[in-house]
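To start, the structure under review is shown below, and the notes come after it.
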Amino acid sequence: MAGSDTAPFLSQADDPDDGPVPGTPGLPGSTGNPKSEEPEVPDQEGLQRITGLSPGRSALIVAVLCYINLLNYMDRFTVAGVLPDIEQFFNIGDSSSGLIQTVFISSYMVLAPVFGYLGDRYNRKYLMCGGIAFWSLVTLGSSFIPGEHFWLLLLTRGLVGVGEASYSTIAPTLIADLFVADQRSRMLSIFYFAIPVGSGLGYIAGSKVKDMAGDWHWALRVTPGLGVVAVLLLFLVVREPPRGAVERHSDLPPLNPTSWWADLRALARNPSFVLSSLGFTAVAFVTGSLALWAPAFLLRSRVVLGETPPCLPGDSCSSSDSLIFGLITCLTGVLGVGLGVEISRRLRHSNPRADPLVCATGLLGSAPFLFLSLACARGSIVATYIFIFIGETLLSMNWAIVADILLYVVIPTRRSTAEAFQIVLSHLLGDAGSPYLIGLISDRLRRNWPPSFLSEFRALQFSLMLCAFVGALGGAAFLGTAIFIEADRRRAQLHVQGLLHEAGSTDDRIVVPQRGRSTRVPVASVLI
């Protein structure tokens, strides 16, 4: 078995510690043709033989994962849909409101590496079942917190991160073990449609359930029931495919996992993974800020324009902007994800660097439109919505492509760990702190102006302009990814095919001549 610690295997000059990867453009031995470096893709019959699952069953598993992904994001942004009511109920300001999202993301970020480690080594189906069941109970409990205990709301939102971490680090790796090549890209695009659609449904459900029930607490009681359905679907429908078998094109046992520290070292030395994660961090910063603050900003804009009454203590706040922003998020997400995947798929045949270049174009293109949406808010709410629509469409082009990049530059036994640390990085520097940072800047700016509805609007307007600058930095990170993407992808392919192996820290090697080349094998395999 290629991944065994005791079986003999090649460790030639293409080992990362020994020399460059063959087939890399510009290096000796390179064909210069990216198509020739692509591994053979198994057909439907081959996939069924390797995974033990029919095409219909595999598609059904993806459908269940999409449902849960949609549910997770729906729950996350339900809070944003009723944020003005939460501020009134708990009597808190913008900075405290930003803490709601920051605490959730922080716990999610801390727990992600734990589930990443477990997901690379244990049954992924049962890990997700336990996490989502716990998340459903905690979410339901958060809807019964009295107004004088805001800290309890923060605590429960932090515990919700358990369910998110158990799912987000594991689900994409299941899809990677069911499909390959263009089929995997299509399935990932379907999976990541759930992010903007679920986010939009969260705004819509939060605002509409609040209006129907007359109490914002009921908005938090919708998703727990749907979470129970998700656990049942996971238990009854999802089956665990062998890790990495579809890429090795054989029914041999999957690659053996290496130590956690070896995984971390390999990921840190993978420039495509590191730079694409930094680019995705910028996406998380911008989307996290807009997710929490855009409806509140639009409401303040309407108040300044005289189109809606202000949100006063004791009154129910207008939810029309949450509804409209939710619809925009759904539409732009579907359009952006689909557009990004299709453009990348078409360009990939002629340019192997298409994926990071499309991501860079999306981020760099979204920055000026987001800036214009903020600048125009005091003059025309219609123009603001138009620019938000364009900016969010370009921003959404990244979701599925970034996931695809990770899956083909990281070997199967490290993917959950890679997903986890991409989550940690993107949230640590992205949406864990961005809602709080935006709220903090807004509060500080308001202190310098006389209290008024205009000063509340201007403070949030100026603080949100930081998003356009961060988006431009993210585009630069994706341009850097394009420099390394070909070599890193080829290295991962060679490793999966058993043609490239990393020397373990405790694995003594000897050199055996073979056809004029040195072949390194473990001492244990020779003694046996």
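Any Cβ shown, glycine's included, is placed from N, Cα and C.
Some features that Swiss-Prot has for this protein:
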- Ala2: N-acetylalanine (MOD_RES)
- Ser518: phosphoserine (MOD_RES)
- 1-49: region 'Disordered' (REGION)
- 50-70: transmembrane segment (TRANSMEM)
- 98-118: transmembrane segment (TRANSMEM)
- 127-147: transmembrane segment (TRANSMEM)
- 160-180: transmembrane segment (TRANSMEM)
- 187-207: transmembrane segment (TRANSMEM)
- 218-238: transmembrane segment (TRANSMEM)
- 278-298: transmembrane segment (TRANSMEM)
- 323-343: transmembrane segment (TRANSMEM)
- 357-377: transmembrane segment (TRANSMEM)
- 381-401: transmembrane segment (TRANSMEM)
- 421-441: transmembrane segment (TRANSMEM)
- 465-485: transmembrane segment (TRANSMEM)
> Ranking 50-70, 187-207, 218-238, 323-343, 357-377 by Cβ pairs under 8 Å to the transmembrane segment (278-298), which is first?
Replying inline: 357-377
> Does the transmembrane segment (160-180) reach the transmembrane segment (323-343) with at least 3 CB pairs under 8 A, where each pair is 6 or more residues apart?
Replying inline: no
> At an 8 Å Cβ cut-off, counting only pairs 6 or more apart in sequence, do the transmembrane segment (381-401) and the transmembrane segment (127-147) clear the bar of 3 or more pairs?
Replying inline: no
>> Give the nonlocal contacts of the transmembrane segment (323-343) in its own chain as ranges (CB under 8 Å, at least six residues past its ends).
In response: 77, 81, 185-186, 188-189, 192-193, 195-197, 199-204, 207-208, 294-295, 298, 354, 358-359, 362, 385, 388-389, 392-401
> Where else in the chain does the transmembrane segment (187-207) make close Cβ contacts, counting only residues six or more beyond its ends and a cut-off under 8 Å?
Replying inline: 62, 65-67, 69-82, 171-172, 175, 178-179, 216, 219, 222, 291, 295, 319-320, 322-323, 325-334, 336-338, 340-341, 392, 396, 399-400, 403-404, 407
